[in-house]
Amino acid sequence: MEDLGENTTVLSTLRSLNNFISQRVEGGSGLDVSTAAPGSLQLQYEQSMQLEERAEQIRSKSYLIQMEREKMQMELSHKRARVELERAANTSARNYEREVDRNQELLARIRQLQEREAAAEEKMQEQLERHRLCKQSLDAASQQLREREDGLAAARETISSLKGRVSEMQLNAMDQKVQVKRLESEKQELKEQLELQQRKCQEASQKIQELQASQEERADHEQKIKDLEQKLCLQEQDAAVVKNMKSELLRLPRMERELKRLREENTHLREMKETNGLLTEELEGLQRKLGRQEKMQEALVDLELEKEKLLAKLQSWEKLDQTMGVNLRTPEDLSRFVVELQQRELTLKEKNNTITSSARGLEKAQQQLQDEVRQVSAQLLEERKKREIHEALARRLQKRIVLLTKERDGMRAILGSYDSELTQAEYSAQLTQRMWEAEDMVQKVHAHSSEMETQLSQALEELGVQKQRADTLEMELKMLRAQTSSAETSFPFCKEEVDALRLKVEELEGERSRLEQEKQALEMQMERLTLQGDYNQSRTKVLHMSLNPASMARKRQQEDHARLQGECERLRGLVHALERGGPIPADLEVASSLPSSKEVAELRKQVESAELKNQRLKEVFQTKIQEFRKVCYTLTGYQIDVTTENQYRLTSRYAEHQSDCLIFKATGPSGSKMQLLETEFSRSVPELIELHLLQQDSIPAFLSALTIELFSRQTSI
């Protein structure tokens, strides 16, 4: 602006000089015409020559001045170009540092992703282990159900055998009824022959006694039928138990279907996780690109701020050894100190990992021992129940054997009475048939008694085996309890480690609850997807293409990493070239992509205009603040100063001393409430505080009363 003003002044002086010369020439010509003196022409010519010489001198001086100014402008332009080159070098160095930081961030993210992938694989292994355990438990349950089915089949066989026996007993009862009818007919025949054959009266009476005995036998048989009916009721109860077991068996395929559905959901969630990871990686890439663009736009604006920050950092570096008490003269010393701290942190982390791994091993061992104790206790209860069942069965069989022996003895007594009372001549065909039937019954009873004895012996043997098994299980339970107690005593931990492990367990439980909540959220999301028209995984087959998106994403990530490394190498070469001060190679000029001089000039102008605007705004703001403070001071009589955050100091214009002030602290949301802090001056006015603040709860009234009191003191003095 000053150069332009000086140029305009030179041009205006030249123009005024030319006008003056033209006016003198015109005035001289008028004198020539009027006077026509021959000597005046020579004088005028000399004057004009002098004026022309002066004009030439002025022009040469102005030209010299202009050349000097152009020289100064060239020097300024050279200085500006040098400053621009230095700034460009600084920006390139900063960009290189940023790229290095970004590469480190990318490497850290890659490590984090690898760690997440390893954690996901561990979780997958844990889930596979859980599925395997569930499968084993299902196999065990199916084995138990098969055993129960075998028991039910055996019970059905016993029921069918008992039904056969009941049918046989019913047939025997029918035969006995037929015999009773036949005996009644014989009784009638004997009554008809009573008058003719008085000798056979005794036989008739004997036959009557036999009939009475047969009636008693029939009553016994009816009692046996009732007993068998009771047994049938018990068998029906057993059948109801069998039915319940069948219903439990019917639940097994539903549980298998649910397990299959959970596995499919797990695979689907893994695929969703992979797609989500790809989308997050793409989103991070886009965010990084957006951040780069924004940083490139804000780089020129932040140059001065970074300069100030660097100066502050330089000062902090110079004061760092004094503040920290560590000999840190250079950044290399700080980097070494940071590396040592990181190594210490790694050692502490390794110790922590070893402690946590040992704690996890102990927890797993304790959990396994607890599971084994539960299993052994459950097996012990089952064996005790089986033993009680076998003991009850043995008691029933013993009762049945006693009844059968009684029946056998009764039948033998009846046959003996028949043999003793009847003679050889009096045997008839009916008696022989009856004898054969009685012998058959005796043989059947013997066979049944032998079967009952074998069953009793088997039941007693099984009872002994079950007792031995129960004893062994009790011994194993005692051994496991002793092992748990020895394990607890063999691993003494200090109280702090136990507390740390408990905290770790609580954190794991919280994580488990969080994972359960996430699982519920994912299940709800799956339900929403199914409502929105998602496909059914049990009916739809998912085809995985040969071009896996995960592998493509990894390949793309590797290419980006290689490209970034190439850019870093090019930027290193550019920085070295700028540090040497030599010419920049062509490939580095292309790679550097520095802005042109016009763009730099425009951006400088924009920066200068923005700085001028900011400076003007600051000046206006300061003036307005000063005016506002003066107005508040004149209107309220108090000067308000901000001491610290949310604390304000009020000094009255009528105060006797400069230290007489009040301090208020802003509390509540957005400083809606003010609290008076205790000072020496506030202790001198307890009456006003009690009246206006405690009773009336009015700060303006308190300030106005204090102003009146101070004003009255000054006027009274």
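Cβ coordinates are placed from backbone N, Cα and C, and glycine is handled just like the others.
According to Swiss-Prot, the SUMO2 cross-link annotation covers Lys61. Secondary structure at Lys61 (SUMO2 cross-link), as computed by DSSP, is helix. Using a 10 Å Cβ-Cβ cutoff, Lys61 (SUMO2 cross-link) registers 11 neighbours.
Annotated N-acetylmethionine per Swiss-Prot: Met1, in sequence order, evidence recorded as similarity to another entry.
Among the features that Swiss-Prot reports, phosphoserine is placed at Ser16 (among others), with the record citing similarity to another entry.
The annotation N6-acetyllysine is assigned in Swiss-Prot to Lys61.
Per Swiss-Prot, phosphoserine is recorded for Ser214 (among others), and the stated evidence type is similarity to another entry.
Marked as phosphoserine by Swiss-Prot on the basis of similarity to another entry: Ser428 (among others).
Confidence across the region 'Necessary for interaction with NEK2' (380-532), taken as the mean pLDDT and rounded to a whole number, stands at 67. Swiss-Prot lists 380-532 with the feature region 'Necessary for interaction with NEK2'.
The feature region 'Necessary for interaction with MAD2L1' is assigned by Swiss-Prot to 540-551, with similarity to another entry given as support.
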